[in-house]
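Below you'll find the structure, written out as structure tokens, and then a few comments.
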Amino acid sequence: MPEPVIASVGASPLGRTDLPGRDLFSVALAEAFDGLPDPADVVEAVYVGNQSESYEHQIMYGTLLAEWAGLRYVPAERVEGCAAAGALALRHAVKDVRNGEHEAVLACGVEKMTSAGTSGATDALSAAFDRAIEQRSGITAPSQYALLAQRYLHETDATERDLAEIAVKNHANAARNPRAQFPKEIDAETVLESDPIAPPLKLYDCAPVGDGAAAVLVTTAELADDLDRPRVRVAGSGASANNIAVAERDMTDIAGARVAAETAYEEAGIDAADVDIAEVHDAFTVCEALLAEAAGFAPAGTGYQSYRAPAERADGWTDVRLSPSGGLKARGHPIGATGLLQALEAYEQLTGAAGDRAVEGAETALLLNEGGVADAVTVGHVLTTAEAP
Amino acid sequence: MTDGDLDATDPRTLPGFFDALAEGELLGGVCADCGQVLLPPRPACYACGSRAVDVEPQSREGRVFSYTEVRTPPPAFAADAPYTVAVVELADGGRLLGRVAADYADVAIGDAVELAVREPTAAEREVALDYEADWPLHVFEPR
Ligand SMILES: [Zn+2]
């Protein structure tokens, strides 16, 4: 079986932009193909992660973006899974290369979230929740995650200040990331004193609304070498759906994410302790704590210590560094593009292109991308430059 | 696999569930193989995959499992905000999300609540899909 690798990455500016979705994609694609032959000479299929047609009243993003890339008569489709759409697109590309169907597949993601203000984004995101009970009760994304946070604070030693420190850490990482939507440091007081959105979560516990696109080229190792590109192996890929309603899940043991991570580890022949860096789905600060536990980095109830240096964490924690990009919180969270921005960060970290934010010696990364609330769907990928075991 | 004869009177469909709720009866699915309670009822058990799902009346009493306050509502509910929502663990074991008829500051994990049912308001009918327009709403009242 050919082993899929990531051979190139690109992204648009993130945040409030003056470009529609297809144009954001063109910017991301131009970066990914800088110095390479044209996409039409390389790419054999396209997957597009995209959350919602409500932002641009547009579906058919597979067709549209393939066309804008100069590709005709190739398989191209939109992949939907709310905020996990990007990693689902990556997973499809990986499988196509792994099973020998294609030598080069473009996984991309795009979201134009700022087209209808905060209320437009709130409304579009609420479509990810169960319609019959949850939506009709008036639940929102922040309030769903607040239900998890309230329960987590109740069951563990974590405090609201610990959650604030996760945001502080991620902003500090983003301050060294030229791609970040919020490249600035903040302090815990800024978080704790920010507007309550859905208690115990405050404004600075929440990832921002923003536009963005990302493009990731998945190829065989041989093609990456022919293109003279640094390559990162996609050694494992796992995906897992859990109940749509958060009420019917375990709200502090994020079991679907655990399955996705363990599946990816198993395929890669590694375990959690082998992971050097992780980009996890910190749509809200509490997610980083919960996912650190689900990924096997932290004993149950201690994931909130993710902001601490490895030596200052509880016994049983690994040395992993979380969200070196600044995470969804500060790097940005353009929904359908997020899973691919995670892959972009790992690619840059593992190929020595992460500049000031490089985590020294990093060889292996875990990506965890979620859609809906928490583990309604989770996609896990292991990326590595280490030799296959 | 059986149950190809599901229709809108069956409480394992949403119209069937909400028709019963409108009459004041909260119906749950109960897995005949593992006991899992499913709210609302559905044809298959998520816990074990069994399709042997019985439909049984559920206690309307329960306790707050987690809760928060919605301060930035979806546009359809702007006039209601802020409002309290909770995940409630019912006495028969199922869990259900819903609004709580109390201020956030007056609610805590473990509080006893009881499910009440009301008809949709004119504003709620306005934002409902055609097939939802008559479905009742549930709300948890402190006990
Ligand atoms: Zn069962």
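From the backbone N, Cα and C atoms, a Cβ is placed for every residue, glycine too.
For reference, TrEMBL has these:
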DOMAIN    B:18-53  domain 'ChsH2 rubredoxin-like zinc ribbon'
DOMAIN    B:57-117  domain 'ChsH2 C-terminal OB-fold'
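A Cβ distance under 8 Å defines the sequence-distant neighbours of the domain 'ChsH2 rubredoxin-like zinc ribbon' (B:18-53), meaning residues of its chain 6+ beyond its ends; these are 1-3, 6, 9, 11-12, 59-60, 90, 92-96, 115, 117, 119, 134-136, 138. Under DSSP, the residues of the domain 'ChsH2 rubredoxin-like zinc ribbon' (B:18-53) split into helix, strand and coil as follows: 5 helix, 8 strand, 23 coil. Each residue in the domain 'ChsH2 C-terminal OB-fold' (B:57-117) gets a DSSP state, and the totals come to 9 helix, 31 strand, 21 coil. The average per-residue pLDDT of the prediction over the domain 'ChsH2 rubredoxin-like zinc ribbon' (B:18-53) is 97, rounded to a whole number.
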